[in-house]
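Over in Swiss-Prot, the protein carries these features:
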type	residues	note
BINDING	155, 176, 198, 239	S-adenosyl-L-methionine binding site
């Protein structure tokens with residue numbers, strides 16, 4: 001399978017805002033190259049400092065499926081960059097487009113991706129030899145072409161929430177599972193049953209492989225959000241984007257047990273109020289709102 005790589009030459013100041021735009025537009029993965037990335041906690045940790053050459057600019061690379069309308073997508077990115085430039089210095093803002101093979105991108109991840117600790121969870125690349133210390137829970141991961149490496153702020157927020165809200169014996173539904181990272185973490189924290197769904201066939205395959213890597217039994221299937229799901233769960237988790245979360249808020253109560261938890265993330269800060277209004281409209285009680293960088297997590301519950 002081939003993918004479009006969209007590369008934007010920008011400033012370190014603007015890289016997070018541009019990453020948010022690209023994720024919103026459906027990027028399956030984003031890689032940031034800048035002069036600070038080596039020292040940032042919870043982000044890429046370089047295997048070899050020789051991989052990194054100091055530059056006076058940053059580059060944000062995003063990967064989109066071959067089926068994308070690349071002309072329309074590029075035009076939309078240009079318009080969003082113009083809007084962003086009104087309040088932040090985006091530098092040159094030059095956009096480059098190329099095609100890459102799935103294998104090439106998968107190998108590129110390995111240059112930057114190393115173990116990441118999030119609470120009691122350690123996300124470990126499948127190719128790394130890593131031994132857990134103390135009571136740490138290891139989640140092995142090969143992200144492939146699916147979103148969810150454990151390094152993105154929205155994923156970190158979700159993993160922290162899973163550690164807080166998922167208890168042994170609970171039933172968990174992961175909507176938009178991506179790499180399967182959240183579903184696997186829930187199972188590692190002794191959830192009784194975990195169902196993981198994604199509309200993307202590539203994500204389903206990647207999640208299945210990651211479940212095998214971790215030796216956990218998870219039901220994984222292609223599905224559009226909660227459509228056709230008749231069971232009810234103690235925890236529903238969705239790390240997607242604001243618009244889809246608002247759509248999901250209309251139906252999530254159908255798959256939640258009474259007084260149980262909906263963990264939602266992937267919400268950029270300027271869309272938080274829209275999401276909260278949607279939850280209020282659909283009678284979801286807000287339990288917790290948490291922010292990390294420009295990303296937000298909302299925990300709500302189904303009231304009786």
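Note that Cβ sites are derived from N, Cα and C of the backbone, with glycine treated the same way.
Residue 155 (S-adenosyl-L-methionine binding site) carries a helical DSSP state (H, G or I).
Among the record's S-adenosyl-L-methionine binders, 155, 176, 198, 239, no two C-alpha atoms are more than 16 Å apart, and one pair sits at exactly that spread. Around the Cβ of residue 176 (S-adenosyl-L-methionine binding site), the same chain contributes 197, 198, 199, 225, 238, 239, 240, 244, each under 8 angstroms and 6 or more positions distant in sequence. According to its DSSP assignment, residue 198 (S-adenosyl-L-methionine binding site) is in a strand.
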